[in-house]
Amino acid sequence: MANVSKKVSWSGRDLDDDEAAPLLRRAPRLGVPAGEAAPLLNGAGPAAARASPHSAFFRIGQLSSVELDDELLDPDMDPPHPFPREIPHNEKLLSLKYESLDYDNSENQLFLEEERRINHTAFRTVEIKRWVICAMVGILTGLVACFIDIVVEKLAGLKYRLVKDNIDRFTEHGGLSFSLLLWAALNAAFVLLGSTIVAFIEPVAAGSGIPQIKCFLNGVKIPHVVRLKTLVIKVSGVILSVVGGLAVGKEGPMIHSGSVIAAGISQGRSTSLKRDFKIFEYFRRDTEKRDFVSAGAAAGVSAAFGAPVGGVLFSLEEGASFWNQFLTWRIFFASMISTFTLNFVLSIYHGNAWDLSSPGLINFGRFDTETMVYVIHEIPIFIAMGVVGGILGAVFNALNYWLTMFRIRYVHRPCLQVVEATLVAAVTATAAFVLIYSSRDCQPLRGSSVSYPLQLFCADGEYNSMAVAFFNTPEKSVVSLFHDPPGSYNPMTLGLFTLVYFFLACWTYGLTVSAGVFIPSLLIGAAWGRLFGISLSYITGAAVWADPGKYALMGAAAQLGGIVRMTLSLTVIMMEATSSVTYGFPIMLVLMTAKIVGDVFIEGLYDMHIQLQSVPFLHWEAPVTSHSLTAREVMSTPVTCLRRREKVGVIVDVLSSTASNHNGFPVVEDADGTQPARLQGLILRSQLIVLLKHKVFVERSSMGLLRRRLRLKDFRDAYPRFPPIQSIHVSQDERECTMDLSEFMNPSPYTVPQEASLPRVFKLFRALGLRHLVVVDNCNQVVGLVTRKDLARYRLGKGGLEELSLAQT
């Protein structure tokens, strides 16, 4: 494979030879002089530090010994796949700091014994507990959404009333600059506080959280992503961001919030609060937590948009790595409970206890399908709007990509991140004030349709229409663009608003604040969509079908689809949020067109940020041009193996060694020197840590020093924060003891032959949610180990198949 000639890190500093040397410990190959470097099988240069050739001899407790054909290790052989030799950007890196989650149960003796003890009644009890947890997730997610909505409404109302009174007073007496300073200062103060708690307390709470949850459901362990502290900072941060007037929405973070709630409730304890409620202990493993997090994400979507079916489809389309019929029912149940809880509580809050008219945080309002019909000749127009949405979405993502690269390189300190967020808040308020001040688009005031009408230089009984878009929460601005009657907006007002808000939203996404991109995208699209509808109405002579509100809806769908590239779930979400199936087909056409056009230029926003964070994310399928690659070409070698009965000192050394960077170790039979050591099972680092902590040694067991036999509960109690090996004290005498791994290892790990193609390996690994896949030869000897990073290194780029470089950062 090709060597990578340049190592790029976020610090922008290359590794020189002296720095790269310790990362590789190359064993000499037979026939290669001792001082000569052996070639790399896996194609990564010194910076990758992941593959070294096979040693000539089997060293139990250290390296696998199976040699490969000499021709495969020939340094003079041309690489069969010409990969690029220059890696210029961060998205060409794959970070080694991310670990994988265990979405495959280790079927060792302890696990099988416990499963055999579960009778029909116990099994039914476990199933009932699953439904109870999903109900609790739905209720709590709905309550959190209510809390966010009520607090935002109160604080935003207080801020806008204060600024409005100030503007009205100074409009008469002069001195509107004081109003500008007040507005900018209030926005900056809220955002300063919101950014500070995110940057200094829990950085993973930044953004919408959707990319992080996608990675979690994909099988990547993102530190702190589902902790209680993250939830508290997320909720507080999104309130402060929205009240601070940023071009953000509170709907996206609800997905992250629901996921954190699900992850916490399903474990029956809080490691942050150090409280164990001794319930739901059976679900303390990654496989169970993954399913509940899927339900939490769906409940978040349901609470945000009042779209329970859309929530289920969102979990399916955007994240879930495992799916079945029973899981679908539970996720749908959690989504329905979430939207009902939100509906019920908000109805009581608004004084309509039995009305149940608030199904989500945002309600797009019901479109009158009798008057706002669409005709067959509008379908090409909708497709054209999808093309525009795809192009604008690609421009948005491209600008945000370069902005994110700049932030990674130069705005990586928390204090600088807070300063940038505060600056954006002040600039947003200033831009809004200047546009409102400059606008002369005055419209007659219609009852209470406008929440905070600004008169400024308009006549009595009129309001400034530019203020409706800026001087309001983004959710209410979207509804205004959808439902305000024709003639409510001047085309110049909509054009200026679209242009300014587009760049403000692009600048805002990626700040160190808790915020989402759903509502800003809808608002941008609704603005240019309404402008499109006004133009069409003018051209057609105010035809009945050319309603600006209808085209505002299509523009909103096109813009959001062009940015995030979701089709199935977004179609249903928009249908449920508008309470109308009539526009289902046009919305689907618009979203599909926007995705197809946008994908021609650049990835979707969430996938782009996942790549920029160098996360080893596995897509649904392997790269289409990767069939010529085999398992032996992508696997990690050499492999650290352990014997069934291994010395404690060897295990401690293996776990302490930085060279043993895998979290799974093949277990081989005790070789007597005459027979090759064959694969017997696989044991995880976390299991070895628990065994060492409880000192499960053969000698102690034979002397009766073990108080009891280790149970599966002991491993669940240590989950998920297993102690580091440095915290476990092992005396010199204990190092000479022996540990029997037979009872704790997985005796039937998944294996593949070394000739298996990459797509076949990828399909097995991805479909089963594996963390380790052992590569064996015809004699069942360990040849290598395939991990998530080995598969994620290969992807289809513009010039064909690309191989990413591995980095420690």
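The backbone N, Cα and C atoms fix where each Cβ goes, and this holds for glycine too.
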Quick check on the annotation: Swiss-Prot has S208, F518 binding chloride, so which of Y282, Y437, Y606 does it put in that site too?
Y606
Range annotated motif 'Selectivity filter part_2' in Swiss-Prot (choices 249-253, 484-488) is 249-253
Swiss-Prot lists motif 'Selectivity filter part_3' for one of the ranges 201-205, 311-315, 516-520; which is that range?
516-520
Contact ranking winner - 178-201, 227-245, 326-345, 583-601 against the transmembrane segment (131-163), Cβ under 8 Å
326-345
Could you check whether the transmembrane segment (491-511) packs against the transmembrane segment (326-345) - three or more CB pairs closer than 8 Å, residues at least 6 apart in sequence?
no
Looking at the transmembrane segment (379-409) and the transmembrane segment (583-601), are there 3+ C-beta pairs under 8 A, with each pair at least 6 apart in sequence?
yes
Under a Cβ pair cut-off of under 8 Å, which of the recorded stretches 178-201, 227-245, 516-539 contacts the transmembrane segment (414-436) most often?
178-201
What else in the chain is close to the transmembrane segment (227-245), if you only count residues 6 or more beyond its ends and a Cβ gap under 8 Å?
144, 147-148, 151-152, 155-156, 159, 183, 186-191, 193-195, 197-198, 201-202, 204-206, 209, 253, 256-257, 260-261, 264, 270-273, 425, 428-429, 432, 473-474, 513-516
Do you know the mean pLDDT across the motif 'Selectivity filter part_2' (249-253)?
88
For the motif 'Selectivity filter part_2' (249-253), the DSSP helix/strand/coil residue counts are 2 helix, 1 strand, 2 coil
